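S.K.: Mind looking over this structure? Questions follow.
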Amino acid sequence: MEKEQLAVYFIAGTPNCLTTIEETLQAAIDGGIAMFQFREKGEGALTGERKKQIALRLQAKCKQAGIPFIINDDIALAIDIAADGVHIGQEDEPASVVREKIKGGIVGVSVHTMDEFEKAIADGADYVGTGPIYVTATKTDTRPVAGTTLIRKMKDKYPDFPIVGIGGITIENAEEVMKAGADGVSVITAISHAKNPKQAASQLKNVFSRTQ
Ligand code: TZP
Ligand code: MG
């Protein structure tokens, strides 16, 4: 994958969206997101065939826009529908095992320490996400708020490895994350709950452009 694909990395599942997830994703695409992760979690989350049917429709949108379509956690679904990749956390299957299963696809891993970061690299991750950088209401079982210190440390040691920040990132604080060395920001609420999701995506893209 290209690092540029992390610039504005939108994540959403149906429970995160104020309108339909398809409308929200389309607006985010129109605003200029570079990658999308389908993260169907939390109250009201779809499962089974209904989840798969939505995934297929979102995948088609991403294909049309030429951006990677990543699935959170659900390796079986990702393989079933030939998604562009998966994103896993520390509690999921080991990254080395997932790497084998996903073959040439993108594997992203959530990391919270330098040790987890180096393990993810050794296991064959293509990028890592780290956070929560700021306070977030979206995920309740997070680690403590980390700020941007770890991003700086990771970039000092591995300047070329793709890193994206996550958690509580907004149009207002995205610049700080980019300046710490992140290759991009991943957001749920900043786009999915925006009055105008297209404009929110476009503003995040502008923050990225002006910090390069
Ligand atoms: N992992 C760490 S924080 C978080 C995830 C999935 C939630 C990010 O959501 P938001 O709404 O952008 O803070
Ligand atoms: Mg997970």
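In case you wondered, yes, glycine gets a Cβ from its N, Cα and C as well.
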S.K.: Looking at 4-amino-2-methyl-5-(diphosphooxymethyl)pyrimidine binding as recorded in TrEMBL, which candidate out of ASN72, ASN173 goes with GLN37, PHE38, ARG39, GLU40, LYS41, SER110, LYS139?
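M.R.: For 4-amino-2-methyl-5-(diphosphooxymethyl)pyrimidine, TrEMBL names GLN37, PHE38, ARG39, GLU40, LYS41, SER110, LYS139; of ASN72, ASN173, the listed one is ASN72.
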S.K.: Please give the 4-amino-2-methyl-5-(diphosphooxymethyl)pyrimidine site's span as the largest CA-CA distance among GLN37, PHE38, ARG39, GLU40, LYS41, ASN72, SER110, LYS139, to the nearest whole angstrom.
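M.R.: With GLN37, PHE38, ARG39, GLU40, LYS41, ASN72, SER110, LYS139 as the binding residues for 4-amino-2-methyl-5-(diphosphooxymethyl)pyrimidine, the largest Cα distance is 16 Å.
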S.K.: Within 10 Å of ASP73 (Mg(2+) binding site) by C-alpha distance: pick out those among the binding-site residues ARG39, GLU40, SER110, LYS139, and say none if nothing qualifies.
M.R.: ARG39, GLU40
S.K.: Does anything in the same chain, at least 6 positions from SER110 (4-amino-2-methyl-5-(diphosphooxymethyl)pyrimidine binding site), have a Cβ under 8 Å from its Cβ, and if so what?
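M.R.: In sequence order, HIS87, ILE88, GLY89, GLN90, VAL128, GLY129, THR130, GLY131, ILE166 meet the Cβ cut-off.
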S.K.: Mind giving me a neighbour count for LYS41 (4-amino-2-methyl-5-(diphosphooxymethyl)pyrimidine binding site)? Other Cβ atoms within 10 Å of its Cβ, every protein chain shown.
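M.R.: Counting Cβ neighbours of LYS41 (4-amino-2-methyl-5-(diphosphooxymethyl)pyrimidine binding site) within 10 Å gives 14.
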